[in-house]
Amino acid sequence: MWSSRIPKRSGVFAEIRKQSPAIDFSDPDWKIKYQTDFQWRFNIPHITDIFPDAAPIPSTFCLKMSRSFSLSLPMIKFTLQDSGVGGFCWWLSTDEEWHGYINNNDRVLLKVIHFSSPTSAGAECIDPDCTWVEQWVHRAGPREKIYFKPEEVKAAIVTCGGLCPGLNDVIRQIVITLEIYGVKKIVGIPFGYRGFSDNDLSEMPLSRKVVQNIHLSGGSLLGVSRGGPSVSDMVDRMEENGINMLFVLGGNGTHAGANAIHNECRKRRLKVAVVGVPKTIDNDILLMDKTFGFDTAVEEAQRAINSAYIEAHSAYHGIGVVKLMGRSSGFIAMHAALASGQIDICLIPEVPFHLHGPHGVLRHLKYLIETKGSAVVCVAEGAGQDFILVVLSEKLILLLFGAEFPGENYATDASGNIVLGDIGVHIQQETKKYFKEIGVHVDVKYIDPTYMIRACRANASDGILCTVLGQNAVHGAFAGYSGITVGICNTHYVYFPIPEVISHPRAVDPNSRMWHRCLTSTGQPDFI
Ligand SMILES: Nc1ncnc2c1ncn2[C@@H]1O[C@H](COP(=O)(O)OP(=O)(O)O)[C@@H](O)[C@H]1O
Ligand SMILES: O=P(O)(O)OC[C@H]1O[C@](O)(COP(=O)(O)O)[C@@H](O)[C@@H]1O
Ligand SMILES: [Mg+2]
């Protein structure tokens, strides 16, 4: 069981996040030591780490609101408080003092399966015997005591990286929740981190009125970008503009930036809360059930897959190829293939494959044409990149001049992400070439719906997820936490310390039940 008696970390110690040391399983206390280490790693930084004397105040967040009420019941006492949005907070005080707040010591179980053997499907074991080790993470939600006075808060929201369905829903909910706490100064930083440095871009004032209907369309009200200023420039700008709550919506890169901003604020001893909301259509953030926008992406991908299926099915020897997003992880492709039931071949970055040769994709396509008359391939954009030459212009020049190339120097975007080659086009071309060579007629249609999927408005399930994550981000900031991000974990909402969720991108486990289900559904063999 986790212990609530964690010794308080000093500000400096809090920055040194430990990697788990190698575990000595011959030590009879290894499990306790592992759990203690886990507790340290997943402890969430708090403002009192650097301001031990910071005094909390009662929360201004209303669990129940009313503009006017008149109720007189014996034995029950109502408490009234100005909600800050023109209404009144009220809560019921009974003998049990129900108040609906989260206790700081509430925890959620990170892993819920007790694998009895390392050979169990998808087993994640700590020791060779797969000993059950409870791993607890912090429960998200409103606290009874808060560490910011709403009238002293200036909150900013920034959306970075690529678009993702649901960004507007999260922005909207953050603004609404901040207003419920009583915050009056809320701004949006335009076009991602770039908005902190570009003098032509100014803060966008936000209020419930401004954001009321923004969730009805996709994209980001604030705009997004890749690349941007240095961390120290961003914190300079935050100081100049008096921002003391920053909500950062983005993926792995954005969260690395958010954590760096949090650390810089601590270094400068600024009382600032930096809270992330993981945004990635690729679903490649560790430890959480899913990220917002992913469900919508899978749903929207169905339209493209269905079109490819109809095209392929209606043509003589038709082959449909659909490319879906997923830079380094194939979650969208895998789930879209599973959902559609129309995919014959699903290719993802995590599972190597050959295009050519006796076990290659093309040979299997030939078999499908012979047996079914048509086929549909779904490929994640990051799959099969080793087939495609993606080089910097310098590399091309070096190659042209016959010089040795000094290493794997791939082209990158402004954020440092590798620019991928188009695997969909490559498969289309290789398929045409292959069937021409073997003298079999095929009609290949390639559909790339990637940006159409990304620009969609969130579906209902993502809308709910965005709403809860947005609210919890604000609760986390008011509770005094910083350098944290919000997530859904085994259907419960939690706070994670940022470094734990971005240590590497989450990937599909080729030994997982889900990937095997996908293989069962497509009926594809190994392509190696
Ligand atoms: N390691 C990093 N440290 C600080 N900032 C980063 C880091 N990686 C990326 N960023 C910044 O985060 C923003 C978004 O990153 P990007 O990788 O494009 O998208 P995502 O956050 O969706 O992964 C960019 O403005 C980029 O400059
Ligand atoms: O064209 P862009 O903006 O670079 O975006 C392409 C990338 O954006 C994504 O949709 C999401 O990436 P991020 O999570 O880094 O924003 C990837 O799947 C894709 O490779
Ligand atoms: Mg990224």
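Cβ from N, Cα, C; glycine included.
The structure displayed is predicted, hence computed values, not measured ones.
Here TrEMBL flags Asp282 as active site, proton acceptor. Marked as ATP binding site by TrEMBL: Gly162, Arg226, Gly227, Gly251, Asn252, Gly253, Thr254. What TrEMBL lists as Mg(2+) binding site is Asn252. Feature annotation from TrEMBL assigns substrate binding site to Thr280, Ile281, Asp282, Met325, Gly326, Arg327, Glu381, Tyr451, Met452, Ile453, Arg454. The domain 'Phosphofructokinase' annotation in TrEMBL covers 155-475. Under the heading site 'Important for substrate specificity', TrEMBL lists Gly253.
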Cβ atoms other than its own within 10 Å of the Cβ of Asp282 (active site, proton acceptor), all chains, total 28
Among the binding-site residues Gly227, Asn252, Thr254, Met452, the ones with a Cβ under 6 Å from any atom of ligand 2 are none
Considering only the binding-site residues Gly251, Asn252, Gly253, Thr254, Thr280, Glu381, which possess a Cβ situated under 6 angstroms from at least one atom of ligand 3? Gly251, Asn252, Gly253
Gly326 (substrate binding site) has its Cβ surrounded, within 10 angstroms, by a count of other Cβ atoms equal to 28
From the recorded positions Asp282, Gly326, Glu381, Arg454, pick the residue whose C-alpha lies nearest to the C-alpha of Gly162 (ATP binding site). Arg454
Return the residues near Arg454 (substrate binding site) by Cβ distance under 8 Å, restricted to its own chain and a separation of at least 6 in sequence. Gly162, Leu163, Cys164, Pro165, Gly218, Ile281, Ala297, Met325
Checking proximity to ligand 1 here: which recorded positions out of Gly251, Asp282, Glu381, Met452 have their Cβ closer than 6 Å to it? Gly251
Which chain-mates of Thr280 (substrate binding site) that are at least 6 residues away have a CB under 8 A from its CB, listed by sequence? Gly161, Cys164, Gly250, Gly251, Asn252, Thr291, Gly293, Phe294
Across the record's ATP-binding residues Gly162, Arg226, Gly227, Gly251, Asn252, Gly253, Thr254, the largest CA-CA distance in angstrom? 13
